[in-house]
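I have placed the structure first, in the form of C-alpha cells, so that the comments after it can refer back to it.
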Amino acid sequence: MLQSQFAQAPRLALADTIIDAKARKNLSWQDLTDGTGLSLAFVTAALLGQHALPATAADLVCDKLGLDQDASRLLQSIPLRGSIAGGIPTDPTVYRFYEMLQVYGSTLKALVHEQFGDGIISAINFKLDIKKVEDPEGGSRAVITLDGKYLPTKPF
C-alpha cells in the first residue's frame, strides 16, 4: 500500500544515509539511476527526499547502495516535499538559483501569462534536464531545461 510522509525528518535522514553510502561505494548519481528507467534528475531528487520511487527502482538503488528493505519502503513513500529551510538559501549554488528567480521571476511570470494566459507551470507534471556544454568563449556553460505542463486557472 502506498504510504505518505508527514514530516521531512525520515526522508532527510535516509538522504544522509544514501549520500554516505554513495560516497563509500564511489558511485555517481548516474550509476544509481542506471537500470531504473527513470531520468537522472528524478532519481537524484527522489534520493534527496523529494519524490517517491517505484518499488523496482527503489529496490535496485538500495541494492547498489547496500541498504535494506526498510530503506526501499521509505524511498517508495510520498515525501513531504521542500528541501530548503525557510529564508534565503546560504549554499552558493542553491542561492544562484534563488537569485535567478529574484531577477527573472517577474519576467517569467509576465511571459508565461502573455503566452499561455492565467495559470501556472506544474512542478508535478515536470521534467528537468541539465547538460554541460563548452562555451565558445572558453570554459563551460550549464544548460538547464525546466519542462512543466501549463495548468490554466479555472474559475469556479
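Heads up, residue numbers simply count up from 1 along the chain you see.
The backbone N, Cα and C atoms fix where each Cβ goes, and this holds for glycine too.
Around the Cβ of ARG96 (active site), the same chain contributes no residue under 8 angstroms that is 6 or more positions distant in sequence. What Swiss-Prot records for ARG96 (among others) is active site.
According to Swiss-Prot, the active site annotation covers GLU99 (among others). Under DSSP, GLU99 (active site) is assigned to a helix (H, G or I) in the three-state scheme.
Per Swiss-Prot, the feature active site maps to SER122 (among others). Classification of SER122 (active site) by DSSP places it within a strand.
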Rounded to the nearest Å - Cα separation of GLU99 (active site) and SER122 (active site): 21
